[in-house]
Structures are given as C-alpha cells and as structure tokens.
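*Asks:* Supplied in structure tokens, the structure appears directly below.
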Amino acid sequence: MQYAVVFGGKSYEHEISIVSTIAIKDIIPGAIFIFLDGNRDFYLIEKADLKSNYFSSGNYKKSPKLELKKGGFYQKSLLKEKKIPADVVINLVHGADGEDGKLASLLEFFEIDYIGPRIEGSVISYSKLLTKLYAKECGIEVLPYQLLRKQDKKIIDFEYPVIIKPNHLGSSIGVSVVYDSSELEYALDVAFEFDDEVLIEPFIEGIEEYNLAGAKGQTFHFSKIEAVKKEKLLDFEKKYLDFGRSGEVKDASLNETLRLHIRNAFEKIYDPLFSGAIIRIDFFVRDGKLYLNEINPVPGSLANYLFGDFRAVLEDVAKHLPKSKNIVIDYRYINSIQSAKK
C-alpha cells in the first residue's frame, strides 16, 4: 500500500502538523510527503528534507509543485504531467483545513481515497460546542459549559476557577485558566484573538484524564489507554513537543469496568461518523463518572505511540475505507420529458 501524507495547511496549528509529520516519517514505510503551505499550494517533499528549518526558511518552494485533480495529485512538466503514485492519502493537517472538513471535501470531490475524518465528522469535532452536543446524543456525559460570543456580555455562569477555550482550536492555543474575575477580561481577549466563539467550563483540580485512540477497519482497533500526567495546563510549546512523540506509552492501570466503559464510549462516538479515520478521544473521570472532553480527529503523529502495531491498524483502515455511492447520471427524466413533447 502506497501512502501519501498531506501536512501543513493554513492553520494556527501549521507548525504542529510539520512536527507531527517529522515524528512519523520513519513509521510509515515508503510514504510520499505532500506539504500544503499557507497559500494552499501543494509541494512534493523528499523524506530527507523533512526538517523544520526546511519549511521555516521557505526552501520548500524549491520542491516540485503539485496539482490536486480527479484521482490524485499530479506533477506538471513542460510537456506532460505525472500522477503521484499514491493509493491512499493520509490527512495529517491539524486544525483548520485538515480538521474542519476542507481537505475532506476536496478529496471526496476528486474521488481520492483517504484516511482521515469525513466531512460530517470534521464539522462536529472541529467545534467544541458541537462535540458536546453530539456526545450527549450518544449518551455520554460532558462537563457543564457555556458558549460566549464576542458580542455577548462578559458574564459567566460558573464559580471560579474556570477554563476558557476558543471553540474551534486545539493544541491549547488561546486557552487560559481564570482564578478570579480580575483575570477574566484578559483571558477572553486572548481567546477572542483566535476565534469569535469561546467555550467556558469549570476548571476542576485533580480530575483524571485518559486518552484512547482507535479506528475501524475489518475489525475495531483500540490503542492503549494513556493516563495523562501533566501540569495544570499544557501550553502551546509543551503541546508542540507532545505532538512529536513516537515512542510507545504504558497502558494505564485501570479496573476492567472503567476500561470497558471508556472503550464503549469511544465506539459510540466513532461509529459510523468517523469511519475511515484514526482518531483519539480524551476523557475525564471524576468520582468514578466518565465525561468526554474532546475528540481529536487528526491526532498528533496519528497517535501511533498508543498502538502496539500501528502499521497493521493503518493497513486495515486503508483496506476498508468508506465508499461513496456510485450515482449514475443518465438524464432519464429529461429525456422522457423531451420524448413526451414530440
């Protein structure tokens, strides 16, 4: 199976996508790498050039430029164009473009097989508000929340401390913990720099957090469950480093009841909305009760470090991707009308 990894994108998480791709360059054998820059141009990148300064310096523009057309990516020359020989595209664009449905729409429009969230899954998981509404529809608890828009009065419904998050961003960008009213205005200003909507939740000290990745191919694949041990809040720089992980992690020490509860919740969220994607879901546990925190439709480094045999998972998903219905356009209705007029 020949994979083409698409990364970059016009996103606040552009650099994280680069780090994420560098981390997995040796994990997907023989992969082709396609960079989507801030102008939304595609470039074919040699594996040897997958270094952060290759992109920050602008040297990537010396790489061959690609065009996205029906069936795949193409490299043009003076006399001809050559199709890039990829069987399946892997969406590794974090944030906007990759997780909001733009790339999924393009790939589906041009009938290209890809591993990544489909349009509906992208739209729901890209919005923290829609994620919570979807989780509740699936019967999974979420923490209390309040949505605040720029034009709204800056009044919050919770006692302090609270956590403030841009509604459409990940990687801790624009996120603040607010301990009293004197800190509120500044935290909101920071969040509104990145988004027109923010989500406010109670900030609960000592809450347990667990991450589980998974995917569905011929069968369901669950990763190890990671117990997240971190500071009060991972800032962007720490998340930046976190996305570059590639070594395996230890499976969390959980009782079997909680382990099954987390897996069952994951499966309810995943199937069928995220078919064809490898996703990670972050859960909270408080007083023995499970809550969904966030859905990561394009997790850092595809969460490869959570799986015992990531390549086998990738191959199984690639072989069982969702297929669009073949709609036959035969103009039968128009032709029947024309025949009736004669």
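Cβ atoms here come from the backbone N, Cα and C positions, even for glycine.
Residues or ranges marked as domain 'ATP-grasp' by Swiss-Prot on the basis of sequence analysis: 132-326. Per Swiss-Prot, ATP binding site is recorded for 159-210. Feature annotation from Swiss-Prot assigns Mg(2+) 1 binding site to Asp282, Glu294; the stated evidence is sequence analysis. Positions annotated as Mg(2+) 2 binding site by Swiss-Prot: Glu294, Asn296.
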*Asks:* Given the binding-site residues Asp282, Glu294, Asn296, which one's Cα is the least distant from that of Ala187 (ATP binding site)?
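*Replies:* Among Asp282, Glu294, Asn296, Glu294.
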*Asks:* How many Å lie between the Cα of Asp282 (Mg(2+) 1 binding site) and the Cα of Glu201 (ATP binding site)?
*Replies:* 16
*Asks:* If I take the alpha carbons of Glu208 (ATP binding site) and Asn296 (Mg(2+) 2 binding site), what is the distance between them in whole Å?
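*Replies:* With the alpha carbons as reference points, the distance is 18 Å.
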*Asks:* Expressed to the nearest Å, what is the distance separating Ile173 (ATP binding site) and Asn296 (Mg(2+) 2 binding site) at their Cα atoms?
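*Replies:* If we compare the Cα positions of Ile173 (ATP binding site) and Asn296 (Mg(2+) 2 binding site), the gap is 15 Å.
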*Asks:* Looking only at the domain 'ATP-grasp' (132-326), what is the mean pLDDT?
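*Replies:* Mean model confidence (pLDDT) across the domain 'ATP-grasp' (132-326) is 92.
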*Asks:* For Asn296 (Mg(2+) 2 binding site), identify the closest of the binding-site residues Glu159, Pro166, Asp180, Phe194, judging by Cα separation.
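*Replies:* Closest by Cα distance to Asn296 (Mg(2+) 2 binding site) among the binding-site residues Glu159, Pro166, Asp180, Phe194: Pro166.
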*Asks:* Within 10 Å of the Cβ of Asp180 (ATP binding site), how many other Cβ atoms are there?
*Replies:* 9
*Asks:* Using a 10 Å radius around its CB, how many other CB atoms surround Ala187 (ATP binding site)?
*Replies:* 20
*Asks:* Please classify the secondary structure at Glu159 (ATP binding site) using three-state DSSP.
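*Replies:* In three-state terms, Glu159 (ATP binding site) counts as coil.
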*Asks:* How many Å lie between the Cα of Pro166 (ATP binding site) and the Cα of Glu294 (Mg(2+) 1 binding site)?
*Replies:* 13
*Asks:* Which state, by DSSP, holds Glu294 (Mg(2+) 1 binding site): helix, strand or coil?
*Replies:* strand
*Asks:* Counting other Cβ atoms within 10 Å, pick out the least crowded of the binding-site residues Glu159, Glu201, Glu208, Asp282.
*Replies:* Glu159
*Asks:* I need the most crowded of these binding-site residues: Phe194, Asn296. Count other C-beta atoms within 10 angstroms of each C-beta and give me the top one.
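*Replies:* Answer returned by the neighbour count: Asn296.
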*Asks:* By the DSSP assignment reduced to helix, strand and coil, which category contains Glu208 (ATP binding site)?
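*Replies:* Where Glu208 (ATP binding site) sits, the three-state DSSP reduction gives strand.
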*Asks:* Please report the distance from the Cα of Asp180 (ATP binding site) to the Cα of Glu294 (Mg(2+) 1 binding site), rounded to the nearest angstrom.
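*Replies:* Spelling it out, the Cα of Asp180 (ATP binding site) and the Cα of Glu294 (Mg(2+) 1 binding site) are 25 Å apart.
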